[in-house]
Each structure stands twice: as C-alpha cells, then as structure tokens.
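Heads up, the thing below is written out as structure tokens.
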Amino acid sequence: MASHEQSYKAGRAEGRAHEKGEQMKESMKEKAEAAKQKTMETAEAAKQKTMETAEAAKQKTRGAAETTNDKTKQTAGAARGKAEETKETSGGILQQAGEKVRNAAQGATDAVKHTFGMADADEDEHNYPATVTRKD
C-alpha cells in the first residue's frame, strides 16, 4: 500500500508543481504584457515629444526668418532713401560745379577779349565799369 500512497503523493506533488508552473507562466505573461504596454506608452510619449520639439523649432525658424526678412526690407528701404538723398545732393553739387566752371570760362573769355581789344564797348562797361573811358 505504501507504493499506492507514494504514487498518490507523487501525483499530488506533480499536480501542485504543474499548477505552480502554470501560475508562474501566467504571471510571466502578465508581466511581459505590462512591460510591452509600458514600452509602447514610452515610445508614444517620446514620439509626441519629438513632434512637439520639431514643431517648436519650425515655429522659431519661421519667426526668425520673418524677422530677418523685415529687417532686410527696412535696411533696403533706408538704403534706398539714402541713395535718393545722395543722388539729389550730388546732383546739386555737380550743377554748382558746372556753373562755376562755366562762369570761370566766361570770365577768362571776357578777359582775353578785353586784353586784345576785341570786347564791345557794352561788354567792357558791363564787365569792367571802372576801366572803361567814354568818349563824349
């Protein structure tokens, strides 16, 4: 009878061991599923954070580009205005210089005419009033 009882105890022990193995197997499955879920959540959070960071960088770059564009337009406008002002100023200076050269040339011409006696009496009187002698 001892062998029957031993067989019974061995069967019970085997059943408990099998049950314990199944419990451990189920527990491992649950833990693996939980780890898988946690990994997926972490990956999704990382993906979301990456997208947010990329969008923020994109917005910042867009803002910087707009600011640069605005500053470039302002600088170009100021340069355009300064160029117009310089053009007007230099045009006036060139005109004045041209008039001075023309007047100097006219004065030289009149002096040469007067020196060689080629000037009319009216020209002499107009250009050299103190030196003209009238014959009345």
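Quick reminder: no glycine exception, Cβ is built from N, Cα and C everywhere.
The region 'Disordered' feature in Swiss-Prot is assigned to 1-108 (among others).
What Swiss-Prot records for 11-58 is compositional bias 'Basic and acidic residues'.
Mean pLDDT of the predicted structure over the repeat 'LEA 11-mer repeat' (31-41): 95. Per Swiss-Prot, repeat 'LEA 11-mer repeat' is recorded for 31-41 (among others).
Annotation comment: Swiss-Prot describes 42-52 (among others) as repeat 'LEA 11-mer repeat'.
The repeat 'LEA 11-mer repeat' annotation in Swiss-Prot covers 53-63 (among others). Residues of the same chain lying 6 or more positions beyond the ends of the repeat 'LEA 11-mer repeat' (53-63) include none with a Cβ under 8 Å from any Cβ of it.
With helix defined as DSSP H, G or I and strand as E or B, the repeat 'LEA 11-mer repeat' (64-74) counts 11 helix, 0 strand, 0 coil. Per Swiss-Prot, the feature repeat 'LEA 11-mer repeat' maps to 64-74 (among others).
Positions annotated as repeat 'LEA 11-mer repeat' by Swiss-Prot: 75-85 (among others).
Sequence annotations record features per position, and here Swiss-Prot assigns region 'Disordered' to 117-136 (among others).
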With DSSP as the reference, give the number of residues of the region 'Disordered' (1-108) in helix, strand and coil.
107 helix, 0 strand, 1 coil
